[in-house]
Structures are given as structure tokens and as C-alpha cells.
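Student: Take a look at what TrEMBL says about it:
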BINDING   CYS9, GLY10, LEU11, GLY12, THR13, VAL14, GLY15, SER16  NADP(+) binding site
BINDING   LYS103  NADPH binding site
BINDING   GLU188  L-homoserine binding site
ACT_SITE  LYS203  active site, proton donor
DOMAIN    355-430  domain 'ACT'
Amino acid sequence: MEPVKVGICGLGTVGSGTFNVLVRNAQDIERRAGRAIVVEQIGARRDSPQVDLTGINVTRDVFEVARNPDIDVVVELIGGYDVARELVLEAIRHGKHVVTANKALIAVHGNEIFRAAAEQGVIVAFEAAVAGGIPVIKSLREGLGANRIQWVAGIINGTGNYILTHMRDEGRAFEDVLAEAQALGYAEADPTFDVEGIDAAHKLTILASIAYGVPLQFERAYTEGISRITFDDVKQAEALGYIIKHLGISKRTDDGIELRVHPALVPKEQLLANVHGVKNAIEVMGDAVGPTLYYGAGAGAEPTASAVVADLLDVARDMATHHDYRTPYLAFSGIVEGDESLPILPMENIVTAYYLRLLAVDRPGVLARVATILAEQGVSIEALIQKEATEGELVPIIITTHRTREANMNEAIRQLEALADIAGPVTRIRIEHLDENV
Ligand SMILES: NC(=O)C1=CN([C@@H]2O[C@H](COP(=O)(O)OP(=O)(O)OC[C@H]3O[C@@H](n4cnc5c(N)ncnc54)[C@H](O)[C@@H]3O)[C@@H](O)[C@H]2O)C=CC1
Ligand SMILES: N[C@@H](CC=O)C(=O)O
Ligand code: NA
């Protein structure tokens, strides 16, 4: 059979890793695909010291790759929204199949891209976009196709998990660990995407769409990052039997779908609490299969390349199949036209338990006033710990609650912060007992 001719756009961390894996494992890849997969051209602003480009056709204009008549598949690894969107749409217009690692692009412009791709009858594959090397898209879209998915939850940002792990284990400063994650090639070009939860929200948006058959709705995701997590909270959580993790959670309820990204206290003995460093893990609950877990490297050159190359293998096998007989982009056919039957729920509707940290003025009656506000909002206290005064006259109070509605907790926090006895903002971190929440 004719080889599949690939054009790689972007020769950074993932582009270099993809090139190297394709070259190193060329023989096995050919045996698996039934045909060779060769790099026909690379579009890159500059060469990469990680890659030997001898004999490779390199252009500085990625759009040349998208229009190259000899190329079957364009691999978009430049990242970002705008140029990447133009590049992918241009490749599709020229009848190319597309493989991308770009979750921002799929979460925000995916509906448009899949519509254009369906019209052209081309494949758009994006396994590397969620949880790097973990084949979670394939598992959810194909392996779990028999199930009504009930929830999906996990650690889906490698940089964030790397930071939380090293802060906790070594007491290192946030900025210091972030710089290390950047040097290792884990972070986004703009690392606020990692630490403010935007990257995880992109990924969760994609997972939810594939899990429930709803359109991509990134703008409705609740997004909170880890930048305000303090070492004190990490230690306090640990003393209470929890580890703080940054989670993406999407649940199907009778009223709609939860789509939320935020830090959470996870009981130490649960699986997700034991996922460290750049590793990601996603739990998926299906009605037939029960709980399943997907674990592995969430970022990095070759782990991500592993997913990009797996997509290229799928393209090599499926490109001769008519579009109507391929697995739908987002797992369900007809989804591109939109299915709003399951709305994304506002965050105020979610029900979960909470950890609160308050700084109170050390005078009689404070605890009673705090307890009254919580009781009036129907928030039931699980534990209340009053610490030694460490910050001048202020006393830290740690409260854990039973499950309550977010709207009630918002109102309780508003009232607590208005009390003259309470200094500064109240820290609120949700507590997630995922296994018991089914
Ligand atoms: N780094 C990682 O571990 C992972 C990254 N991703 C995604 O993969 C994509 C690439 O990420 P990285 O390789 O980490 O980024 P990177 O910044 O290391 O590489 C991007 C490369 O594209 C080049 N580039 C950007 N615009 C260009 C243009 N218009 N023309 C030519 N070259 C251009 C840049 O010069 C750079 O060399 C992003 O969408 C990212 O979100 C996905 C999973 C994991
Ligand atoms: N910046 C991302 C890269 C992979 O998607 C992360 O840290 O997870
Ligand atoms: Na993946």
C-alpha cells in the first residue's frame, strides 16, 4: 500500500516528540498500520535541537503544509486558538485529515471544525488533547460505547498536579515548581491556562461531550485554578485525612450536566489522591461497566507523541472508509447539529461537601455566630477546629461540612465575610468523595 504522508506543523515539545517516535518506531508502526507513515514536510518557525531534520522538507510557513497536494494528514502542534483554527480549516478545505493535540482549539472551535470536516468527509483526531498519552478519548468513545456514562472525574492537568505534588512533598514555592514544569515542557505557552484551570476546563469540555453526546460548551464550564492554594491548606487537609488535588468533574444528573474544574480535598485512600507529579488519572463510571480508571503521563514530549501517533495509525486505517461509517468525532452521530436536551447546570446547583478556613478575632461568641450563619443556610458542620492564634490576634478556624448546595454555601460565605469578627476572605475548597457520590 502507498505510505501515508504526514505534514507536521509546529516543532516544539510535542512536534519534536512526534517526529522522533515516528522515526524510531517506524517499522512497528508500519506493521500495525499495514502501511508506512512518513513525514513528508514540517512547518516550523525554527529547527529543533531535539530533532535530526536531515533530508526532511522544512518550510517556515505552516499554511504551505496545509495546501501541499502530496500530504494526506496535517498534524497541528502549534497550539493556541486563532492561527491553529485557520490552519486546521485550511487543511480541511484542502481535503486533508487532521490530527491535533490542541484542546483549546477543540473545546472552543470544535463544533465549527467538525462541521467543516464532516462536509469534506475528513477525519479530525485529537487523542493527545486530553490527558496526554492516556488513551482516554478512545476508551470513552469506543471502549465504553455500550454504557450510559454517569460521571467522569479526574486529574487532567499535568502541570497543576506536578505543582501540587512538589509543594506538598517538598514544601517548595508555587512559582519555583511551575518554572520546573515549564522547563520540562509540561506547561502551556501561557501557564495561567494550567494554574487557573482553563486547560483542565478545555479537556473536561471535550470529555463531557464524548461522554454524554452534548455539543462542546466550554463557555459554560465552571473554572477555578490552584493559584490560591496555600501550603497551610495543603498541610491542614493532610491532617484531616485528605490530599488537595485539582479535579475536573462532570456528572449527569436528572436536571442536566455538571461541568466543573476546581481544587478539591480528596480522601487519602481514594485512587485520585494517589496520582502524583505529571501523571493524570480519569475515573469514568458507566452504568454497565461500573467504575473504570485510566492512568498515565498527562504531558511531556513522548507521552503526548504516543497519542498523536496512535491517531495517525487510526487515520492510516480509516482514511479509506467512507465518512458515514467512521466513529463520529464526538462519539455520537448528529451531535454537530446540536443536542441541547441535557443543559450544563449552573455551579450554584451542585451539591458537595466543603472545607472552610476562616481567620477570626479571638473574642467570645465568634464560634456561635459562625455556627448560626451556617445553620441558617442549612449547612451541617462535620468538624470544627479552632487553631492557636498565629497571626496577631487572629485565630484560624477550620470547618468541614456535610454535603450542601453551592448556592447555600455562597450565601453563608457572604454572610461570614460580612461579620466584624472575621478577617479577610473565607477560603473554601470543595471536598469530593467521588466513589460514594454515584
Ligand atoms: N507539552 C505537552 O505536554 C502537551 C501539549 N499539548 C498541546 O500540544 C500543542 C503543542 O504544545 P507544545 O509542543 O508543548 O508547545 P511548544 O510551544 O513547545 O511548541 C509549539 C511550536 O509551534 C511553533 N509555532 C507556533 N506558531 C507557529 C506558526 N504560526 N508557524 C510555525 N510554527 C509555529 C512554536 O514556535 C513552537 O516551536 C498545544 O496545543 C498544547 O496544548 C497537548 C498535550 C500535552
Ligand atoms: N499543559 C498541559 C499539557 C497537556 O495537556 C498539562 O500540563 O497537562
Ligand atoms: Na489522551
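Counting starts with 1 at the first residue shown.
Backbone N, Cα and C atoms are what each Cβ position is placed from, and that goes for glycine too.
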Student: For LYS203 (active site, proton donor) and VAL14 (NADP(+) binding site), what Cα-Cα distance in Å is obtained after rounding to a whole number?
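Tutor: For LYS203 (active site, proton donor) versus VAL14 (NADP(+) binding site), the Cα atoms are 17 Å apart.
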Student: If you draw a 10 Å sphere on the Cβ of GLY15 (NADP(+) binding site), how many other Cβ atoms land inside?
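Tutor: The answer is 28.
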Student: By the count of other Cβ atoms within 10 Å, pick out the sparsest of the binding-site residues CYS9, LEU11, VAL14.
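Tutor: Output over binding-site residues CYS9, LEU11, VAL14: least Cβ neighbours within 10 Å is LEU11.
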Student: Among all protein chains shown, how many Cβ atoms are found within 10 Å of the Cβ of GLU188 (L-homoserine binding site), not counting that one?
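Tutor: There are 20 of them.
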Student: Under 6 Å from ligand 2 by Cβ, which binding-site residues from LEU11, GLY12, SER16?
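Tutor: Not one meets the Cβ criterion.
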Student: Any same-chain residues 6+ apart from GLY10 (NADP(+) binding site) with CB under 8 Å of its CB? Would you list them in sequence order, or say none?
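Tutor: Counting only residues 6 or more apart in sequence, the Cβ neighbours of GLY10 (NADP(+) binding site) under 8 Å are GLY43, ALA44, VAL62, GLU76, LEU77, ILE78, GLY79.
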Student: Applying a 10 Å Cβ distance cut-off over all chains shown, what neighbour count does LYS203 (active site, proton donor) have?
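Tutor: Cβ-Cβ neighbours of LYS203 (active site, proton donor) within 10 Å number 29.
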Student: Within the same chain, and leaving aside CYS9, GLY10, LEU11, GLY12, THR13, VAL14, GLY15, SER16, name every residue whose CB is within 8 angstroms of the centroid of the CB atoms belonging to the recorded NADP(+) site, in sequence order.
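Tutor: The surrounding set, listed in chain order, is ILE8, GLY17, THR18, ALA44, SER48, LEU77, ILE78.
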Student: Going by DSSP, is GLY12 (NADP(+) binding site) sitting in a helix, a strand, or coil?
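Tutor: DSSP assigns GLY12 (NADP(+) binding site) to coil.
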Student: Across the domain 'ACT' (355-430), what does the mean pLDDT come to, as a whole number?
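Tutor: Summarising the domain 'ACT' (355-430) by its mean pLDDT gives 93.
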